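The structure under discussion appears below in the form of structure tokens.
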Amino acid sequence: MKVLKSIAYAVTLPALLILLWWVLTIDSTNFYVPKPGELATTFVDTWFGERFREDVMPSVARFAAGTLLAIVLGIAAGVCIGSVRWLRSLLEPMLEFFRAIPPPVLVPILMVLIGINDRMKIAVIVFGAIWPVLLNTIEGVRAVDPVLVDTARTYGLSRWQRLRTLVLPSAAPQIAAGVRQALSIGLILMVISEMFASSSGLGFTIVLFQRSFAVTEMWSGIVLLGLIGVAVSIVFQVCERKILHWYYGQKEVQHGR
Amino acid sequence: MTAAASTSSPVSPTSPPRRAHGRGAPLPSWVLGVLGIVGFLATWELVVRSGLVEAEYLPAASAVLREIAELAGTSEFWAALGRTVRTWAIGLAIAASAAVVVGLVIGPSRFLRRATHSTIEFLRPIPSVALIPLAVLLYGTSMQSTLLLVVYAAFWQVLIQVLYGVGDVDPVASDTARSFGLGALARIRHLTWPTALPYVMTGLRLGAAVALILTVTGELVIGGGGIGTEIALANSGGAVPQMYALVVVAGLIGVVVNLVARVVERRALHWHVSVRREAL
């Protein structure tokens, strides 16, 4: 009963919205807004076939490579910078500046520096997505309980052991917050880098549809990007729950639920 | 983006005090910060001067700084800057007011919160750049195109925080207000709003950064004037030093936006425990 109720809650509003869309477009000839059925068939025709292998997969692969690299580099550099006090003070203003640069403006710069190829697109994603991970890792490492650090030291834990059993776990919730931001920036940059300079990929294809006024196909591309965004966020939430299960458990206990 | 730690806690807690480890008196951190900036500029200059990277692709730091000074003397530059800031401000204002109103309507009702949850969670992760083709079809290269992206992206940031904030209202205080006969509006004014305000401020801070990213992105990809468009023009025209100068300017705008957001947050929350504790 309880499960049914929550399913009903989750489904009702989207269903109503689609119904409304269907009713409103039932006899409209509006060029910009396709009918729901039409959009669904176009979606399948457009994306499940040749295009899936040639445009969607490479885009997603570049996104995955870039974001993973950004996360790994961000955490590694963040741990180094966060645990050395003078290094942090030395680099903080520069990092604040780099973080503040809107990442898409890096596309033209890296285009000049690297040229137009896959490496450039991955570099754009890394350069844009690394900052939230890096800065959150620094903050997280800095906020490790000093009593625990001293205790670990007194018990003779080596540097590596301290890192693995104390620093990383206690910074993990904050790192996760950074990773969440990095993922959405990575997705934006995947699209932008392809819109700007490419002859394949999702971003390029969608712009191509728009320029040739293939409106229904364009909408189907927007829907696909939306679905990728939702999928990425679900994967992230599942991983976060897995890795940080102890943290959520702790929070639930604290809130007395 | 901001480094704002957890999106759910309104103001990050103050870090515990640390003992200095070094031998002798350590340099104050702002001196180190300045040293960092100088060091970065010097490395940049050296890398180019030594021919490690060709100046054609990466102009020396001094050349870029000179270019910025030159740009600052032209009225076109200030017009573009003004345009970017205006689009950003209008977009953020629309997004924030819409999000606050929607949040205050949905938030207090358990039924509405549950009914809208799946829809919000579905719409929120959609990258707003996906809307670029649609914006171009609807509005061409005018400012509205960019505004559409900015509003969409910033709206969710603020809305989520408002919903968290409204959910944080103390049930005892809420019942007390009710039994004292406060009307719906009075409850919002005296109870819900003050509780949600720290969250709203966090949302605004995150939203301000995202809005700037999307403003520049829209200008870069769609066109229509502003710093982003200037960068695209400099890029296609092969004016490499100018392009780097404009990118640095875009970064400086970002730094200013972050600083202003932090000041506004402290001002608006001067009564809040998290700010008062820092001041003591």
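Positions of Cβ are set from backbone N, Cα and C atoms, glycine also.
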Of B:27-47, B:195-215, the range TrEMBL labels transmembrane segment: B:27-47
Beyond the flanks of the transmembrane segment (B:88-107) by 6 or more, those residues with Cβ under 8 Å of it: 113, 116, 146-147, 150-159, 162-163, 165-167, 188, 192-193, 196, 200, 203-204, 207-208, 211-212, 214-215, 257
For the transmembrane segment (B:243-261), sequence-distant contacts whose Cβ falls under 8 Å of one of its Cβ atoms, 6 or more beyond its ends: 2, 58-59, 64, 67-68, 71, 81, 84-85, 88, 204-205, 208-209, 212, 216, 227-228, 230-231, 234-235
